[in-house]
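> Here you go, one structure.
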Amino acid sequence: MKRGGLWLLLGLLVLSACSSNPPAASTQEAPLLGLEAPEAIPGRYIVVYKENADVLPALEALKAALEPGLMQPQGLQAQALRTLGLEGARVDKVYTAALRGVAVEVPDQELARLRQDPRVAYIEADQEVRAFAVQSPATWGLDRIDQRTLPLDGRYTYTATGAGVHAYVVDTGILLSHQEFTGRIGKGYDAITPGGSAQDCNGHGTHVAGTIGGTTYGVAKGVTLHPVRVLDCNGSGSNSSVIAGLDWVTQNHVKPAVINMSLGGGASTALDTAVMNAINAGVTVVVAAGNDNRDACFYSPARVTAAITVGATTSTDYRASFSNYGRCLDLFAPGQSITSAWYTSSTATNTISGTSMATPHVTGAAALYLQWYPTATPSQVASALLYYATPNVVKNAGRYSPNLLLYTPF
């Protein structure tokens, strides 16, 4: 009986609010604010109506119709959306007190139409609000990526942890019992030992995983790490094993997802194609530039345009002497004398160098970004990392290299 009364009230509200069609489009567009803000959420906006706009009854009806668990008469929500000119939007929140408006997800075409509604005062890009955490003291690599300039301040400041994001470490496996990863090891794959657990017997993959998401040494301290073992105990393997690992990830990944490939070899069309297909499946792929002090465009998967290719720097912002360079790079990250987890015990650490060590810094940063923007495409993730990177600080970056150093405001 009470439910029926509520339905009747909703119906009356909507019928009253919908007594006329939305007004004709205005020749003057409503302002669009905050689109360039660092924390802007792609595709999400707050639509604020003018104080004198006759929209409150429709907003109240829509707010009631969206109440969780409330059964509503068919068509009431659609009718309220039509009255407010929101047929093409997905409404997430409705405001009737602090302001009169809605939070919506809309495509660009619908956004343009909303801006022409004369009842709209302005539209603002939705943004993230975050708590802050600081690690002090921090390893130099973490310390470097959260500040624009030297000297280092001994701190790593971060606003996200990568929680809810899945990082696939295509490498030598991971020491599953290491305390850096407690409770955050996800399902893995072993291309070296059929049916194996992807346990690391080399150390390289554990070190990489520690930089991506270790509790002490990691960029993204809450990310879920998936071991994908494609290299043996000597750190060697084949393109066929690497492609097998990529094939498994492409088929079985959980989004939001990022792949780390701190490995490579000579140019390979098959490997490049496997990487591209993983990217086309919606997985961001971060790859090492290589350690031969040569043009990265001669190496796979470093030469894959849609992947994020990473060179290495020293603690003084020089390109590391071993790091590959050139047009196929996207950015640089710390890669010399990096301390992280190791495979010899559950508490072991090691300090090593390479573009393999630079790459997981970027993978961790991608995980931070994906925590806040879980539906971001690989292209959007790459664009964000390049947008925030610090320009023109890498010394001797190498011919045709982009002079960009990883920076993490996330």
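Using N, Cα and C of the backbone, Cβ positions are placed for all residues, glycine too.
The active site, charge relay system annotation in Swiss-Prot covers Asp171, His204, Ser356, and the record cites sequence analysis as its basis. Annotated domain 'Inhibitor I9' per Swiss-Prot: 45-130, in sequence order, evidence recorded as sequence analysis. Residues or ranges marked as domain 'Peptidase S8' in Swiss-Prot (evidence: sequence analysis): 139-410. What Swiss-Prot lists as signal peptide is 1-19, and the listing cites sequence analysis.
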> Tell me which of the active-site residues Asp171, His204 sits in the most Cβ-dense spot, judged by other Cβ atoms within 10 Å.
Asp171
> So what sits near Ser356 (active site, charge relay system) in its own chain, CB-to-CB under 8 Å and at least six residues off in sequence?
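Counting only residues 6 or more apart in sequence, the Cβ neighbours of Ser356 (active site, charge relay system) under 8 Å are His204, His207, Val208, Ser262, Leu263, Ala288, Asn291, Gly335.
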> For Asp171 (active site, charge relay system), name the DSSP secondary structure in the helix/strand/coil scheme.
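Looking at the DSSP assignment, Asp171 (active site, charge relay system) belongs to a strand.
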